[in-house]
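Scroll down for the structure; my scribbles are underneath it.
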Amino acid sequence: MTKSTFLFVYIILILGSMVNEIQGQNAICQKFLSETDCGAGSCTALCLQLWKGIGKCIKTDDHKLLCLCKYECIV
């Protein structure tokens, strides 16, 4: 009985770790949103609507503003 209980617990632990590996890891992804400009909170609103993330306007080297969206994703 003790061996079968130990074997059962061991199998459950192995299966649990396999499921965790299959599901993937959470990470922070980022994407430039060209569909919007950076005026009046539109970057933040679009990022929140599309990816449930946080949008922020950043300035490029040629002094243009681009919307950068950071969101949680699975890799």
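Here the Cβ of each residue, glycine as well, is placed from N, Cα and C on the backbone.
Annotation in Swiss-Prot places Cys38 in a disulphide bond whose other cysteine, of Cys57, Cys69, Cys73, is Cys57. With Cys38 (disulfide bond) as the anchor, the candidate disulfide-bonded residues are Cys29, Cys47, Cys67, Cys69, Cys73, and the one with the nearest CA is Cys67. Comparing Cα positions, Cys47 (disulfide bond) lies closest to Cys67 out of the disulfide-bonded residues Cys29, Cys57, Cys67, Cys73. Taking each of the disulfide-bonded residues Cys57, Cys69 in turn and counting other Cβ atoms within 10 Å of its Cβ gives the largest count for Cys69.
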